[in-house]
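K.L.:
First, the structure itself, so that you have it in front of you.
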Amino acid sequence: MSTSAVLFLLLAVFAAGASAATFNIKNNCGSTIWPAGIPMGGGFELGSGQTSSINVPAGTQAGRIWARTGCSFNGGSGSCQTGDCGGQLSCSLSGQPPATLAEFTIGGGSTQDFYDISVIDGFNLAMDFSCSTGDALQCRDPSCPPPQAYQHPNDVATHACSGNNNYQITFCP
């Protein structure tokens, strides 16, 4: 086999293993929420009963998704009662407390992903968060205990699943 064929094969294997993880976000709340996430940026309106998906690249470290509530936007700026991120529709920084957080690190190839729920920065909405090959986490109120959610930084509440899996986040389950 030629050197160029081996290089092409290695690049193809790497590209296949470095795919994005899909996060399906469902709003079961009785009102509109505005999910946001970093570091991939973004924020959007999600009506009651609606579902939307976002793709997060392999290798994303220290990512988080949360729901903002009580928002009013005019174009790309406005404000939210909870989880506001500097008055921007498309967040580039973390939301202000209180905000229930879905936190994750997306591996690459055959490595593991890690995920958790955190209420260290406060609680604004109940959340279910699961990986297609891992544990289903549930946080229904501000006192959700480990291993379901982080209450304090020293808690043990991180879960693992196969790398680059699909995730489901449900607000107000």
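Cβ coordinates are placed from backbone N, Cα and C, and glycine is handled just like the others.
Quick paste from TrEMBL:
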DISULFID  CYS71-CYS80  disulfide bond
DISULFID  CYS85-CYS91  disulfide bond
SIGNAL    1-20  signal peptide
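Could you tell me the structural context for the features on the list?
P.N.:
Residue density at CYS80 (disulfide bond): 25 other Cβ atoms are found within 10 A of its Cβ, drawing on all protein chains shown.
The Cβ of CYS91 (disulfide bond) has ALA36, GLY37, ILE38, GLY41, GLY42, GLY43, CYS85 as same-chain neighbours under 8 Å, each 6 or more residues away in sequence.
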K.L.:
When you measure from the Cβ of CYS71 (disulfide bond), which residues in the chain that are at least 6 apart have a Cβ under 8 Å away?
P.N.:
THR32, TRP34, GLU45, GLY78, SER79, CYS80, GLN81, ASP84
K.L.:
Could you tally the C-beta atoms, other than its own, that fall within 10 angstroms of the C-beta of CYS85 (disulfide bond)?
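P.N.:
Excluding its own Cβ, CYS85 (disulfide bond) sees 22 Cβ atoms within 10 Å.
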